[in-house]
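Taken verbatim from Swiss-Prot:
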type    : residues         : note
REGION  : 209-502          : region 'Catalytic'
BINDING : C302, H353, H479 : Zn(2+) binding site
Amino acid sequence: MTGPEQEMVSSVAATTPAPIAPVVLPKTSESENLLKIRHSMSHVMAMAVQKLFPKAQVTIGPWTEAGFYYDFDNPEPFTEADLKAIKKEMGKIIGRKLPLERIEVSREEAERRIKAQNEPYKLEILERLVEPITLYTLGEQWWDLCAGPHVANTSELNPKAFELESVAGAYWRGDETKAQLQRIYGTAWETADQLSEHKRRKEEALRRDHRRLGKDLDLFSIEDEAGAGLVFWHPRGARMRLLIEDFWRQAHFEGGYELLYTPHVADISLWKTSGHLDFYAESMFGPMEVDERQYQLKPMNCPFHVLTYASKLRSYRELPIRWAELGTVYRYERPGVMHGLMRVRGFTQDDAHVFCLPEQISDEILRILNLTERILSTFDFSNYEINLSTKPDKAIGDDAVWELATKGLIEALKRKGWAYKIDEGGGAFYGPKIDLKIEDAIGRMWQCSTIQLDFNLPERFELDYIAADGSKQRPIMIHRAIFGSLERFFGIMTENYAGDFPFWLAPEQIRLLPVTDEVLGYAEEFQNQLKAAGIRASIDRSGDRLGKLIRIGEKMKIPVLAVIGAKEAEQGAASLRSRRDGDLGVITKERLIATAQSANQDRKASLSFDNSVSVEE
């Protein structure tokens with residue numbers, strides 16, 4: 001089953017591959033066929049599998065951003081040798097120049113065909129379809145339920161521009177209680193050159209994979225003994241997290257926000273009032289009973305900020321109120337979709353809520369956009385893709401308020417000068433929103449920041465303020481997250497930098513490498529001076545040869561290695577080696593400390609000794 005029925009796609013139970021950026025295709029009529037090529041290639045693969053493995057049953061097989069896959073129920077696990085055999089058979093099918101034809105049949109005819117093939121999964125899929133039922137045939141013998149589209153003939157598929165990449169586990173309909181299937185991933189392109197470029201990008205994505213870097217650089221781990229999706233921050237990662245949080249707090253204070261701290265749990269009645277139990281229960285952890293009351297871990301911070309607002313009488317003179325919180329939330333994620341830091345069960349949301357007057361919407365949104373740009377650009381994210389989602393068919397709230405809110409979002413984006421796309425009807429039922437994606441160093445787009453107006457919670461909690469005329473009015477409530485999940489942003493950032501973090505953010509900024517034991521005392525004194533100046537410095541005391549010390553430091557991606565021999569100790573200096581700028585020469589302690597302090601204060605990527613001379617000079 002393929003095409004529009006992709007909502008049936010089951011979740012992956014095995015290790016999720018590192019995402020890669022799609023190869024950018026030329027804007028030609030030929031490139032528009034790429035999805036058809038991938039869709040058709042998935043059918044070719046399914047046909048090949050069923051020829052080589054007659055007991056294999058097909059389920060669904062859509063295209064993806066970088067290729068295609070198909071889920072199979074097969075008695076035996078597919079091996080690497082099987083993938084090679086399947087690929088070879090696919091080449092034969094392509095070479096036969098078979099037509100792919102669309103056929104409309106009645107439900108009864110589709111059921112008859114499926115039963116003749118003994119395909120129970122197709123019968124279950126058929127139950128959800130409405131007539132007319134469409135099939136796609138591949139040659140005269142193979143077919144599948146499918147809405148299309150496809151290429152007209154396998155001769156349009158390039159046998160040198162596809163590859164079968166991996167096998168992973170998947171649950172039928174994404175339900176862990178249902179059958180375990182095998183998902184074969186493939187990729188398909190128009191040309192062999194595009195396939196080669198895809199492979200190169202995939203290798204680069206694997207090199208940058210935050211899960212590997214997190215282990216290699218000793219930043220974080222996820223321990224099975226504690227549970228899936230729960231992050232352990234190691235000292236190096238924790239130091240980086242603290243730096244990120246400190247900058248976030250500083251930016252918010254300077255942006256006119258006050259900070260909140262709220263509980264991790266709440267009485268179940270709060271989640272009933274907020275609507276989470278009606279609309280979000282499957283993503284919440286179950287209740288726990290304390291003193292004959294039931295509590296649940298919070299999946300979101302919003303209701304807590306609402307209660308804080310409602311804790312006292314508010315006047316229009318107080319608005320806008322801007323509150324922000326680095327609040328830890330807990331959400332149930334299925335085992336198959338968790339992925340390093342990108343998808344976890346406990347994470348920190350950088351939530352903020354603005355309570356304002358209707359006429360303040362545009363100014364407040366612009367303020368949020370400016371703060372978003374400031375924070376993201378500090379981590380070298382400057383290319384954005386922005387979507388504005390408007391009122392859906394089913395929505396709450398007055399039409400006039402929706403119109404005013406949407407107009408405010410548009411006006412703010414125009415004042416900011418940011419290009420955006422409109423997703424008509426794509427907003428939540430409780431308000432329009434802006435979604436912002438960031439582009440990383442290898443061209444991948446990541447959903448990050450969200451600005452969401454909410455007409456729901458103020459109504460549910462009966463929030464109000466005293467207007468100028470003495471009447472009670474509902475405030476406008478704006479949800480806002482810049483990082484989204486701090487853990488996820490950390491993973492994205494790690495991959496963007498490939499672990500080569502800028503100087504100000506590196507957990508270990510300078511490593512001192514004493515060449516002999518005789519200069520160890522000088523190195524210790526130097527380290528103490530660096531630490532006293534707020535610079536994160538260490539000493540390699542292993543006594544290994546200098547070449548090995550340098551290799552170890554480079555492997556750990558230390559921004560600056562400071563070699564200390566007898567000559568440097570005598571001069572009160574060190575010979576500096578920068579990851580980003582190479583050999584910096586022999587620099588005195590005083591100049592190094594002053595330059596490093598300046599780099600930290602200005603959040604610079606590397607040390608700069610421009611317009612100055614080294615000791616040797």
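Every residue gets a Cβ built from N, Cα and C, even glycine.
What Swiss-Prot annotates, mapped onto the structure for a quick look.
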{"residue": "C302", "record": "Zn(2+) binding site", "CB count, 10 Å": "22"}
{"residue": "H353", "record": "Zn(2+) binding site", "CB count, 10 Å": "25"}
{"residue": "H479", "record": "Zn(2+) binding site", "CB count, 10 Å": "22"}
- line: H479 (Zn(2+) binding site) falls, by DSSP collapsed to helix, strand or coil, into strand
- prompt: Given the recorded Zn(2+) site (C302, H353, H479), which additional residues of the same chain have their Cβ within 8 Å of the Cβ centre, ordered by sequence?
  reply: M300, N301, H305, V306, D351, A352, Q452, D454, L457, M477, I478, R480
Predicted model, mean pLDDT over the region 'Catalytic' (209-502): 94
- prompt: Where does H353 (Zn(2+) binding site) sit in DSSP terms: helix, strand, or coil?
  reply: strand
